[in-house]
Amino acid sequence: MAAITKSPFLLLIITLAATTIAADPDLLQDICVADLNSTLKVNGFLCKPPAAVTPGDFFFKGIAAPAATNNTLGSIVTAANVEKIPGLNTLGVSMSRIDFAPKGLNPPHTHPRATELVFVLYGTLDVGFITTANKLVTKRITQGENFVFPRGLVHFQKNNEDKPAAVIAAFNSQLPGTQAVAAALFASSPAVPDNVLTKAFQIGTKEVEKIKSRLGPKS
């Protein structure tokens, strides 16, 4: 240890390494309510002037009740993130409510900026994630139970029952981001070239176009 303390350069390297693996830094102010109307963008949102902050910046009731699930997938996600609760800016947390119709699916997707922890409000779900070694980790969860999806890994939730289900999801990011796998590949703009998809999935161009027509924007 004495040798280390005599080397300022070595101490600097150790300090930088510790900073790199540390958690989010401490806040530099009590609050930084997001100015969602600002045209300037940073890694997050600019702060509102303190005089413009209101209690409503910290309030949202959008996940209090079930949302409509009458869509193709039979599921709907209601986010409670910084875009809905400006007071979450710089706090590193958010939530979502996910409602499922009977047989509904929240399709394979990732959250590039957050780990997700779900709590089952009611119903039963078959959930899982896939590791980078292509191992499926899956579990059936029911009311009052939790399951965690590690950051960045593809995961899904499926209601295989004849009754509705719902979960509350917690994230360690104010804006975790969501990238649905099928939509990213088959409904991007500009489109992923057909010859990329045909080779990757070992299917023909007609199959690719058929999938794109189902997932793309409806005219």
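Glycine is no exception: its Cβ is also placed from the backbone N, Cα and C atoms.
Here is what TrEMBL records for this protein:
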SIGNAL    1-23  signal peptide
DISULFID  Cys32-Cys47  disulfide bond
DOMAIN    61-209  domain 'Cupin type-1'
BINDING   Asn106, His111, Glu116  oxalate binding site
BINDING   His109, His111, Glu116, His155  Mn(2+) binding site
Give the sequence-ordered list of residues that share a chain with His109 (Mn(2+) binding site), lie 6 or more positions from it, and have CB atoms under 8 Å from its CB.
Val154, His155, Phe156, Thr178, Gln179, Ala180, Val181
Between the Cα atoms of Cys47 (disulfide bond) and His111 (oxalate binding site), find the distance and write it as a whole number of Å.
25
Tertiary neighbours of Glu116 (oxalate binding site) (same chain, Cβ under 8 Å, six or more apart):
Val148, Phe149, His155, Ala169, Ala170, Phe171, Pro176
Using DSSP, what is the helix/strand/coil residue split across the domain 'Cupin type-1' (61-209)?
22 helix, 57 strand, 70 coil
Taking only the Cα atoms, work out how far Cys32 (disulfide bond) lies from His111 (oxalate binding site), in Å, as a whole number.
24
Students should find that the Cβ of His155 (Mn(2+) binding site) has, within 10 Å, a number of other Cβ atoms equal to 24
